[in-house]
Amino acid sequence: MGRVGAGGTAREAATGSLLLLLLLLARPPPAAASNSKESEAGLVSEHFSQAPQKLSFYSWYGSTRLFHFRVPPDTVLLRWLLHVSQGSPSCTDEEITVHFRYGAPPVINPLGTSFPDNTLSHASFHIRALLSTLMLDNTSVNISHPAPGDWFLVAHLPPSSQKIQVKGFVPTCAYIFQPDMLVMRVVEVSTLEPDVPLPQTLLSYPSYLKIFVPEYTQELRLELQGCVSSVSPGCPVRVTVGATTLPRNFQRVLTCTGLAPSCHLLLSSPPWGRWLQVTFESLAEPHVTVGFTAKAVFTVCRPWSVTIHHLIQNNPNQTYDTSAIQLSQSAVHRDLGRSSRVDSGPFCLLNYPVLREDTDVVSVHFQPLNGAFVLVHSSMPSVMQLRLDTGMDSGGSFIIVLRTNKTEVTNGTLVAACVNAASPFLSFNTSLNCTTAFFQGYPMFLRASSHMANLIMPFPETDNWYLSLQLVCPESPEDCEQAVVRVETILYLVPCLNDCGPYGQCLLLRRYGYVYAGCSCKAGWRGWSCTDNSTAQTVAQQRAAALLLTLSNLMFLAPIAISLHRSFLVEASVYFYTMFFSTFYHACDQPGEAVLCILSYDTLQYCDFLGSGASTWVTILCMARLKTILKQVLLVLGTLVIAMSLQMDRRGIWNLMGPCVFAFVIMASMWIYRCGHRGQCYPTSWQRWVFYLLPGISMASVGIAMYTSMMTSDNYYYTHSIWHILLAGSAAFLLPPREEKAGSWACLQKFPCHYQICRNDRDELYTVT
C-alpha cells in the first residue's frame, strides 16, 4: 500500500545514482552475504521521468497537470519522488495536492461539489503538502507490488479565489512540479502451473511466483502443502496474491501461522487471461529455513455462446431485427441440458458476443450482435464482455443503461446485474454483492417498481469490463425456473456526460498522446458534469447580467455625440466601433439562455479588445492637439500596432498599455511645449481642469483600478458594466474643445441634403439636330 515518506536534502533535480541509492535503501538489509548476492541477481532497477509542468490553482479538471506512467510487469517496488520548485523566492507557501490512480486518471473533487445521480465517485488516494515541506525534503510515495500497466498522477494548487487576474499587471509566481518513477522488478520469477506442485524454500528474502489464469476460470485454490520450519513447528509463511491498485486495493493476504503443515486461499472469479503475482515471505527469525510445496488448482467452466449460428437455427425464417432475434427459452434449456452431459463440464455462463464501434475520439458504442436485447435466465448469468483496454478509453465517461418491460418483471422476480473489471461476477445464487477475487463490482437491479437502471463511470480503468445479469427470485426460487426476461442494454463511452449540459463546455485535453476530457462550467454551475446548481445563477440573473453588460455600452453614445459636435469624425467612428463590438461580444459571451452571437466568439472578442485599445489611443492623441497630418498618421500607425500586439497576446495588459503610454508621452510633451511657449499652464482655463480634465482622469483611474484588481467571476457582470460606463464617460470628459476655425457640427455641414445646380464647363464636341 502506498505510504508517504521523506528523506535526503532538497534538490532541484536528483541524479540517477542518487535515485537508485534511495530505492535500494528502502529494502531491508541482507541477512547473509550469499543470500544477498542471490537476491540481487534476480532484481533490476529502472528509472522513468517526465518533463516538469507548471501548476495552476484549481478551478476545473483542465487546470490540473496530468502525468502518465507505465509500470512494467513483475514490479515488486515502486517509488515516486516528487520534486517541486518555485519561480521566485517571494512566492507564497501554497499547498500542493497530488492524486494517484491505477488504470485511469484520478476522479477528484477539490471543490466538494455533487456528482450526477448514479455516478461512481470514489475518493482518490492523494497527498497534500506545503511547498516549503516539499522543497526541504524529497517527498516520496512507495507502493509494494504495484499492478503493471497505466498509472496516473494529477497535481494542482488549492482552489482558485475566482479573482480575474490581468496578465502582466501583477507579477505571477510559477510552481513547477516533476515526478520521477523508480521501479524494482524481478527477472527470475518461477511459473506455477495448474495442478503441478512446486517446491519452495524461504530464508530471508521473498520468493516470487506467477500464475496464468485462463478465461472462464470460476475459482482458484492456492495451496501450501508440507510446510515445515527448521526451528519451530507450524508454517510461518505469509502469502500475498495480486497487485496493489489505487485508490482501492484488493490484494489478498494469507498468513499461515498455525501448527497445521498446510493452508490454502480460495479466490472466486480471479482475473481472466492474465498473470497473477504470488509472493511468499517467511515470518520466521533470520537464518531460519522454511520449506513448502505450492500448488494451484483451477475450477473452470464452459461458456454457452449465443452466436449467429444458434440464432439462425432457432429462427431460420426470420430476419435479424430486435423482435426476431430471440433465443427460444425451450431451445436454450434443451441445448444446455444436452451439452452439459459432455465430459468437458457444465456451463457456467451465457456469453453474448458484443460489437464494439468506435465513433470518435473517446467515443465508443457497444451492442450485442443479436440486437440491443439480452435474455436473462435464472439458471446461469448472461455475460457481456466490454473491451475498454485500448489505453485510450479511460479518458471519458462510460454509461450503462438497463431497461425492461414492466410486464416482464413481476413482484417476486428481480434482475440483478453486476459490472466488474477483469472477470465477471458469477455467484448470483449465493450473493448479490458483485465481489470477485480482486474487484468490488457495481450492482444494478431491475424490479417491478423500477424497470430502468443506469450507471455512470467517469474515467473507467483500462481493462476488460464485464456486465453479468441473472434472474433472481429471493422469495420463491421455483418461480424463476422457467422465466426469461428480456433486458435492453445501452452501453456507450463518451467524452462528457450529456456534453456537460447547457451550462458547460466539454473540452478535450491532451498530455502527449493521451487524450481525456473535462467540463468547464459557466453561470455559477459546478461539478463533474456541470450539474451542481448550489451556486448557479437563475435565469433572471443571467438575463440581468446580459442586459447590464450590453446596455452599459450605450454610454459610448455620449462621446460619439460630443465627437461629432466638435468635428472629431475619426474619434466618433472608433467609439461607435467599440460600442458595437463590445455590445455583441458580451451578448455572445453569456452562458445559458441569454446568448446572441452574430459572428464567431473569437472574432467578437478580438474586435472588442481592439476597440478598447483604439479608443484610448485616439482619445489621448486628440488631447495632444497635433497637426492634422501628423495626427492622422499616428492614429493609423497606433491602431495597426495595437492590432499586431493583440494578435501576439490578446490578454497581455502591456500590449494595450504600451501604445497608450506612448500616446500619453506625446500628449505630455505637447502640453509642456505649449506651457513653455505661452508662459502659462496648459490648458489655460481653470474651468477646463475642474469640470472636464479632473473628472475624466478620476473616472479613468477608478476604471483602471476596478479592471485590474476588483473583478471576480462572481461580480464580473456588474463590475465590468461599470468599467464600460467609466471608460466611455472618461472619453466624453477628456475630449478637447473643437478647433477655433470649426463650427458646431461642421463635419455634418459638408454633407448637403438639398439639390444644387452645377455649371457644365465641358465643350460640346457635336450637336444633335
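In case you wondered, yes, glycine gets a Cβ from its N, Cα and C as well.
Relative to the membrane, Ile176 and Met710 are listed by Swiss-Prot as lying on one and the same side. The record in Swiss-Prot lists a disulphide bond between Cys500 and one of Cys480, Cys519, namely Cys519. Looking up Asn405, Asn411, Asn429 in Swiss-Prot shows the N-linked glycosylation site annotation sitting on Asn411. For Cys521, the disulfide partner named by Swiss-Prot among Cys506, Cys530 is Cys530. Among the candidates Asn138, Asn433, the residue that Swiss-Prot annotates as N-linked glycosylation site is Asn138. Here the candidates are Cys480, Cys496, and Swiss-Prot names Cys496 as the disulfide partner of Cys506. With a threshold of 8 Å between CB atoms, the same-chain residues lying at least 6 positions outside the topological domain 'Extracellular' (589-603) that come near it are 502-503, 522-523, 537, 539, 542-543, 545-546, 549.
Listed by sequence, the residues of this chain that lie at least six past the ends of the transmembrane segment (689-709) yet keep a Cβ under 8 A from its Cβ atoms are 166, 169-170, 653, 683, 719-720, 722-723, 726-727, 729-734.
Within the same chain, residues 537, 571-572, 575-576, 578-579, 582-584, 586-587, 589-590, 594-595, 717-718, 720-722, 724-725, 728-729, 731-732, 735, 745, 747-748 sit at least 6 positions outside the transmembrane segment (544-564) and bring their C-beta atoms closer than 8 Å to a C-beta of that stretch. Through the fold, the topological domain 'Cytoplasmic' (673-688) approaches residues 625, 736-737 of its own chain, all at least 6 residues removed from its boundaries and within a Cβ separation under 8 Å. Secondary structure counts, DSSP: the topological domain 'Extracellular' (589-603) has 3 helix, 0 strand, 12 coil.
Long-range Cβ contacts of the transmembrane segment (652-672) within its own chain (Cβ-Cβ under 8 Å, at least 6 residues beyond either end) map to 166-169, 609, 612-613, 616-617, 620-621, 623-626, 634, 638, 641-642, 645-646, 682, 708.
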